[in-house]
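Comments concern the structure below.
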Amino acid sequence: MDSSANGLRSLQEESNRILILGNSETNGSDNSVCTSKYSILTFFPKALREQFRRVGNVYFLTIGVIMFIGQYTDAWNSSISPWTTLGPLGIVISVSLVQEGYADVARHRNDKKTNTHPCILLKCAEDLDKSDKKRVRDESVFNGKDIEISLDIHQRSEDESNLPLPKAYTTSVSIDVKNEKTKTVKLAFERVQRKDIYAGDIVLMKSRDMVPADIILLATSNQGGSAYIETSSIDGETNLKLRSSPQIPNDELNLLQQTETLEQAAKRLAGLTLLGYPSGVNAAENPLNNYRETEVEREESYRRISSKSSTFKGMFASSKRSMAYGGSINRKKSKDVDTETYVASLLSEPPNPNVNNYTGKLTLPPGKDGDPSITLPLNNENILLRGAVLRNTEWAVGVACFTGDDTKLVLNSFTTPSKFSNLDVLMNKTIYVILFVMLICILLLAAGAVVTNDDRFDTYWIFGINNNTTQAWPYLPDLPPPEWETGTENFVQQMFLFITLLNNFVPLSLYVTVEIVTFCMMYFINSDRDMYHAKTDTPASAKSTIVTDLGRVSYIFSDKTGTLTRNVMRFKRCSVDGLAFGAPIEKKSPKATQEKEEEKSKEGDGNISSEAFHPLKQLLVGTVSIPSLETSEAKSNVEVILPGEKTLTFNAEMFLRVMSLCHTVVV
């Protein structure tokens, strides 16, 4: 099986992808999907980079470094300890990192739940038993029992018998003698995790299951191999879409059936794939494919041959395709070639994000010896995209063509963006203005300090500053001279000094407050009972830290009304054969008083009359008493009921029954 796949890879074109049905492409992409932003190794580098996108955090870090250098070196003086700024900054960043980590852990949990969801693959039972890993059969399919099937082995002899053709048709066709043998193969339905599906695997899906990968449909429980899917998670459409299996022209392999069971479908697929013939060869490598003509030419050739001789027609009536060759076919008498068994293969387009188009080709083994392989074109109607949900179909079987990051759904998705809330943007703009004002103040103060020091330098002996290093202390001539400093700070040193003095221009408490507010809002959203869905046991989950923008939403634009509504259609009233069903609806007067509205609301619905006709309870009896209303004299607030007896007509009774039983319509 592996040798066939490796040989097939060498023939693969750069723009297309070739798969042998039943062979897992383990060297390709697996079916795992990752939507998280960080890993254990990349969390701190990436998360810290995100935190320092905020101008405030960069500012406080810069101030802290300036204070640290001024405190522990002689470059300049620092008036404040650096830990008064670096300490609170570390706390703020730590809180932000905790929030980011909590949100990303939720993404990892969702990815794990998605990637470990159980799926069912059709495998050869012998491969499961011989595997070193523990592989489990799915108990929900045939109670975990294997399916035993018998397959025919067509072994061609080395001596080919050539049947002569009439002279009018100059074609030499080799007809091989078949020695039919049978072998027994056991098939098993293996339960695997969704991430362990690879391209080429035969996948079984059940009703209401999510399609685990991009899958080419091969068989279903419905008539004609059709299936219905819901693609609301892909394109937002809630209406069901019809997908069908590839159609075989003229049913040459006798594969098209009206309906088939899962066991029949498994047996049929085993005879076409590597599950039944592990040493099979790609059907696309059949040498006779090079001599295949178009369908029109084959039909014309067959009709021409049939008109020449009735005896010849009877001789080849069971192998019409064998007469399609207009030349001499010379095949090598090689034992390796003669004993080949062809299996189905898939030629698919390369992975792309276009969900509305698909192009491929399914090549099936020849129906009879001496025939070319059968090629079936594939389009968007034959593929089930990952994320779709199987509906109104008991089961469906297909081959995975794209998995994991190659699926169209993943290619259309983007990496989780690093968003900035409007509050963060406003804070950044405000800090830019504050920094500009602060810079002007620092420059003015530094320049003023330098000018003042130069003017009053002679009086700075009290600070230990003197140009004459041998001069004694004034007023203390008996003491030895101290270690005088010969100059004051320059402009740059004064500027860094005033930076440390004016660091509170940007309040660090502002960021602390914003982080606390964000954390509390996320907690309130996660614990809000009004946003809890009891039917699915789904609470609200704040997966982003930009929850402050929720209060700023003023308008929601939608492409259609069904996106934001429940799409619930309630029966109001109808008329069948002159019989009115439902409650008469009164028109509200614009001048109706509040007292009248409240009085109506006590009776029930404010706009529904009390003379409602509800025959559904008596539907099984078949006879319903219908009161007649003299509408010409009856007023809306006076009940005038005249005696009258009517019975349900056949059309009315059938209408009510159909309306009660049919709740959905597929168009």
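Each residue, glycine too, has its Cβ placed from N, Cα and C.
Curation does not apply to TrEMBL; its annotations are automatic.
According to TrEMBL, the feature domain 'P-type ATPase N-terminal' maps to 29-72. Positions annotated as transmembrane segment by TrEMBL: 55-73, 85-103, 431-451, 505-525. The region 'Disordered' annotation in TrEMBL covers 587-609. TrEMBL lists 587-605 with the feature compositional bias 'Basic and acidic residues'.
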State the non-local partners of the transmembrane segment (55-73) in its own chain: residues 6+ outside its ends, Cβ under 8 Å from one of its Cβ atoms.
80-82, 84-86, 88-89, 92-93, 427-428, 431-432, 435, 496-497, 499-500, 503, 506, 508, 510-511
Determine which residues of the chain contact the transmembrane segment (505-525) at the Cβ level, with the cut-off under 8 Å and only residues 6 or more beyond its ends counted.
54, 56-57, 59-60, 85, 88-89, 91-92, 95-96, 99, 423, 427, 431, 434-435, 437-438, 441, 531, 540-542, 545, 547-548
Per-residue pLDDT averaged over the domain 'P-type ATPase N-terminal' (29-72) comes to what?
88
DSSP helix/strand/coil residue counts for the domain 'P-type ATPase N-terminal' (29-72):
27 helix, 0 strand, 17 coil
